[in-house]
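Worksheet for the structure shown next.
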Amino acid sequence: KLTSMGFYSPRVFLRHIFSSQEAGVWPIWMEDETGRLDQTVVGNKDFSVTSLPVHLTVSPAAERLRYILGDDEETMPTPTLFTEMDTLQQEGDELEWKESARWVKFEEKVEEGGERWSKPHVSTLSLHSLFELRTCLQTGTVLLDLEGYSLPQIVDDIIERQIEEGLIGPELRDKISFVLLRKHRHQTKKPIHRSLADLGKSGSGVSEWSIFISIHLYTHCLAQSRSMNDIADTPSTDQLKNKFMKKIPRDAEASNVLVGEVDFLEKPFVAFVRLSQATTLGGLTEVPVPTRFLFVLLGPLGKAKSYNEIGRAIATLMVDDLFSDVAYKARDREDLIAGIDEFLDEVIVLPPGEWDPKIRIEPPKKIPSADQRKSVFNLNELGQMNGTAGGGGPLGEELAYTGRFCGGLFLDIKRKLPWYPSDFYEGFHIQSISAVLFIYLGCITNAITFGGLLGDATDNYQVHLANFMSTFLGTALAGTVFCLFSGQPLIILSSTGPILIFEKLLYEFSKNNGIDYMELRLWIGIHSCVQCLFLVAMDASYIIKYMTRFTEEGFSSLISFIFISDAIKKMVGSFKYYPINTDFKPDYVTAYKCECLAPDTINLVHPKAENSALSSQELIAFENYFTLDWTQLSKKECVKYGGSLVGKSCKYVPDLALMSFILFFGTYTMTVTLKKFKFSRYFPTKLRKLISDFSIFMSIMTFVGLDMLIGLQTPKLIVPTEFKPTRADRGWFVMPFGKNPWWVYLASFVPALLVTILIFMDQQISAVIVNRKENKLKKGCGYHLDLIWVGFLMAACSFMGLPWYVAATVISIAHIDSLKMESESSAPGEQPQFLGVREQRLTGILVFVLTGVSIFLAPILQFIPMPVLYGVFLYMGVASLSGIQFWDRIKLIMMPAKHQPDFSYLRHVPLRRVHLFTLLQIVCLAVLWILKSTFLAIIFPVMILGLMVIRKMLDMVFSQHDLAWLDDILPEKEKKKKEDEKKNTKKEKKKGKGGNDSEDVSVLVA
């Protein structure tokens, strides 16, 4: 190429380049299909690398890697590599290889004392060692896909290749072989004499990095036999029992790095070997993992530190995701060097004067995916197109509009049916036990809380405060059926705040207009069921695609705040019921007493009305006036028999209010602490995870025991002990006719429409939150199947006079969190990787079965204080807020800019725009909260639907770039964007055909 361009040597070419740049221009040669080159020049100000074609912005190393890694896209991923580095040392008169460091993901060093491993840390390499490693691979021996079955055979093949290439003389064969086959002492196994000597050792006289080897001491061994192999052929017992295997994936392979200095070499002996098949090489590796790669570096005396740094460099490269792929797929030496060059392109240099190399960098909590570096664009920081990173992306084929009658429902059944058997047997895991206990207690707390509120709102037509039978029965019936046949069994059905609001308004309307409430409610349930079936038949769940993060977070935040506020209200109510005596004075303790006084006999003899008979209460008081000892009666008995309580301490029970608060806040605090315990540094990993999984159960048992130990009469869980309707004037079933005019049966269609909107939004938003891609669900979802079963259960519960049930957002999120799976084996220093959620139906079924049989558990459940359950209620509300971007952005408002977390959207969206978006969400949430708390609550379902309209209007306030990072792009915007891209592509093609041959030429930039 240079000759055809008129340059007869590289030096002349470089002179031309430098002189051109000094003149302020870039020389560019354009090559056409015939190979003819024409030179043009571009000014420095007009030249931009990003304006060139994509393949020109890629470095030669990246181009080569794209060719190497891009051939076999469907091949299996490369195994995880465990890398061990051994250094050559002399113990007395013996030589041995001593393990000095190891890598799975991060580096662990053997501390200077030699008795323990260091904490895992990020490897810090000198730039010089990487260049020296590159030189070693250029000048040393590289054997790829070597057929190796034992270490002696592999060593012989390496030495033979070195002799053939003229790198060493034949006379060094035995000496090198003898050194490489010495025994390996790993950190888990120490010689007895060394361990005893270390007890009183203050320092060793032999330098670790200056080993003098006199090969003449072993001449007689060489002469007698060829058995120089001092390494075991099979893994030892210590290797097989090594607990470190738990940190290594099952399909892992090993790469061994051997470095040391000897006195018989004048230049380094370097070899890089990749075996065709991973082979177990006896005691070579600390753990019984088959070896795939071997790197050997032996050199003259005096450069041990340099050799050690080169060994650390190749070991760090071998555990790098991208370089390990290159090492597995490399065809020749140049491929490996290209891998090093790419690594050097990504290396970040820290100035030596501003950083202490002795500092060990802690492993990051989150590591970027290697897939980004494997992309040629990301390799060269071409960046990501605006509007594609922040959004959640499409929801998938589950919400595709089929255009057929019940098309979406049939697809849901077809999608979920193959997974049905696994939905049961995959639930048999110890994690399911903790999930069942947690969600069960959450469900009965929710049933009692909302059931009590519903009973108050409907004069006990559905729920009686002293008998929660209908709530428990309805929850068990609806939940079990839904978990058995729904499309997403991880969703938990329960009474919710929005449904409670509608029930309250409906009862007040019926009471004020003389309409039978239960019959009207039945017809609303029937109409709503029919409307749900119509929505399913018409694939109406398609509109869920327009529910972006804005709508999801607004609704889920509302439900979370309802949980939090209800828990706090209940605790505030206990302070009103058991008030604290704030006027208590210790000096006047004798004045605090409470006496029961008998009723006034004068009032009994002379009634208030002269000619009226005595009331029944006065008759009871009159009969008991002379027969009872009024000073010995209890508070309830005194009031019952007509007495009066007199004294300063009659209205104050300070112990119960304070104890209730301790139980409430203690349960919440302990649950939060134990839930985070798996990230602590105490105890083994499995024990930490077990404590975290059973955090709710342990917290409840702790404070139930504390309550029993102290013995105060705190409010306890009320469990029904008999089957009976909630009111004497209603039966087990509601009759559809006979109590209301005929027009009510038709007019109930209108309120049923509001109920349907509420159920549709509540159910589908909860389903979208559960089915988020962040949860890594693999079995798909079933929006249409879920909705049709909610409709059926709506009608069934209406006939039985039971509360209506819909997806409980907070409890469903808690169910997901309790079933999250993490990798069992993670590299030291690496956070366990989130694998997904244990998708099954068993936990949900068991939760609702336990709810149904709670009546038989009354002797046990009656010991649980209600403040403890309110603490669980508070925890579920607060925990559901974690991970919500809206909540994170609210906290940003109160943070100075320098203390704000490094969220991705803060890098791409101006802070003022972030705050504006957050403020709009706060206003929407406040409006929803006000609506649900006032007489306007009847339009609450419509306002939830209005969130989607408000989100549409935000397109006029924010750019698509900002919305892509703060929210999701609406489907029609994505479609329009794709159409625009297609149009631009067509225009470019037409322009190219019109005389611009830019697509048919390649550009050489100097």
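Cβ from N, Cα, C; glycine included.
Nobody curates TrEMBL annotations by hand; they come from automatic prediction.
What TrEMBL records for 80-357 is domain 'Band 3 cytoplasmic'. Residues or ranges marked as domain 'Bicarbonate transporter-like transmembrane' by TrEMBL: 404-970. TrEMBL lists 435-455, 475-501, 522-544, 656-674, 694-712, 742-761, 782-806, 842-861, 868-887, 919-950 with the feature transmembrane segment. For 975-1006, the entry in TrEMBL reads region 'Disordered'. The compositional bias 'Basic residues' annotation in TrEMBL covers 984-993.
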Recorded stretch that, among 522-544, 656-674, 842-861, 868-887, 919-950, has the most CB pairs under 8 Å to the transmembrane segment (742-761): 522-544
Mean of pLDDT values spanning the domain 'Band 3 cytoplasmic' (80-357): 80
Among the ranges 475-501, 656-674, 782-806, the one whose Cβ pairs under 8 Å to the transmembrane segment (868-887) are most numerous: 656-674
Contact call for the transmembrane segment (475-501) against the transmembrane segment (656-674), three or more Cβ pairs under 8 Å: no
